[in-house]
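Colleague: Can you read through this structure? Questions will come right after.
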Amino acid sequence: MVTTPVTPTEHVILRRHLYTQVALDDTYKDQSESSTACDVIKRTCQVSPKCVGRQALNYFPVAKTLRGYKWRQWVFADIISGLSVAFIQMPLGLGLGLLASLKPVNGLYTTFFPILVYLFFGTSPHVSMGTNAVIALLTAGLVERETEHLVSALGVNETLSEEELLEYKVGIAAASCFVGGLILLGMGILRLGFITNFLAKSFIGGFTFAAAVHISTSQIVKMLHLKLPMRTGLGKLVLTYIDIFSNIRDVNVADLIVGLICMAVLLAVKLGINERYKHKLTIPIPIELIVVILSTLVSHFAKLNEKFGIVIVGDVPVGIPAPSLPRLESLPRVATDAFVTAILIFALTISLAKLTAKLHDVIIDDNQELVAYGLCQLVGSFFQNFPSCTALPRTMMLSSLGSKSTLNGVTSAVFILLVMLVVGQLFVSLPIAMLAAMIIVAMKDLLLQVMKIRLCFGSLMFLRRLNTEYKILPNIDGLCDDIFCYGLLRQ
């Protein structure tokens, strides 16, 4: 078989310099042998204005966001998503302030300042820093424990008023916030964001489900208007329900009715309208805000507090609190709790940030996120905040509404600021039972994690054993025991 040669149609011409070995060595000198340690340090640590500017931009992602912001395409989505989240954050902030054993207004402060800080330092357009029920529960355990120590340390003839005890609790919460901020900021500066790869979903799911059970129980007590002894340690949940049924005759029926009506309305709108028609609604109906306004109006004009003894929020301070130092003498006592809370804040927030980043093809920086979370805690600690975190409903809302940047926080912050400066006093007659009902409904998604109990079971067994032997996880015995027992029933 005869083959015809193929005629080349293209040519490649290479032109190279010719070197002898001596000329090559002179032109491209090997610096490894001649360089001293001092020379290497000088080259590595050289600082130029360009390098400083680039590093500054890394720590202030908002500058990069503003430089590449597509105003016509993005601004409407950011305004709508930020405002919608604020409608949820404001009423829940009041309720979670109470859940943290503080004043409702502390929940508003914890909603406002972290939003502002994350706006400048965060990298995820779907993270909304603020109050979180799980973190509020941990804060409540800490402040109640420290308050008990204070009361027991006082002499027989010494007493503190309710207001003084609340101020002490706020100081303890702020101290925890301060220490947690230092931990998270240090982790960010040391580039420890990679540890998120070692956080198991089963650990986070099990912990948050157990916390949701305890949160719901604590709010049932408030909705029934019962005064029960504080339970801690093993069997906490069972003992609490024994106390509830033992004091069932002391239930304020009016509080119970208000709570049940509010729960029914919230669930009806959330499940029957917002969930069912979410693809047709531009924004979800802000039913939490609507119920807060309506229940406040009914409570005020019907004089529910005077006629039926319904517990109300009471005076809500107007304005921004003056900055003040946290209780520095309390820092050693809160350090362990603050460490656990800080790790949980990072785990909960970064997991949701990564989930939404994958959905929307957005790049987030784990280390910068740590810096942002730390600064949220540090700044907030000077303004009577308790530790802040994102929450699943807010993150999912920002994701579904197509938030494009962290600038969605501008409209959220403006709305919360208006409430703090102008509208706050209008919520004096807001029933506590309504806030309790709202928190119980907000636990819906966390409680539904019970369907995944088999995944959480192994992690919770490990947690329980770890805490029994080393006592390094505060206030978690009851949480792990409850899920441990439930897991046995499911097997």
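Backbone N, Cα and C define each Cβ position, glycine as well.
Note that the structure is a prediction, hence the values are computed from the model and not measured.
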Colleague: Can you identify, from 198-216, 369-387, the stretch that TrEMBL calls transmembrane segment?
Modeller: 198-216
Colleague: Out of 105-121, 170-192, 281-302, 338-359, 413-440, which stretch has the largest tally of CB pairs under 8 angstroms to the transmembrane segment (251-269)?
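Modeller: Highest pair count goes to 413-440.
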Colleague: Check the transmembrane segment (74-99) against each of 170-192, 281-302, 413-440 and return whichever range has the most CB pairs under 8 Å.
Modeller: 413-440
Colleague: Could you give the residue numbers and ranges of same-chain residues that sit at least 6 residues beyond the transmembrane segment (170-192) on either side and whose C-beta is under 8 angstroms from one of its C-beta atoms?
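Modeller: Same-chain contacts beyond the flanks: 100, 102-103, 106, 139, 142-143, 146-147, 326-328, 330-331, 334-335, 337-339, 341-342, 345-346, 367-382, 384-388.
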Colleague: The transmembrane segment (105-121): which same-chain residues, six or more beyond its ends, come within Cβ distance under 8 Å?
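Modeller: Apart from its flanks, the transmembrane segment (105-121) reaches 59-62, 89-90, 92-98, 127-131, 136, 170, 173, 316-317, 321, 368, 371-372, 375-377, 379-380, 383-386, 388, 406-407, 409-410, 412-413, 416-417, 419-420, 424.
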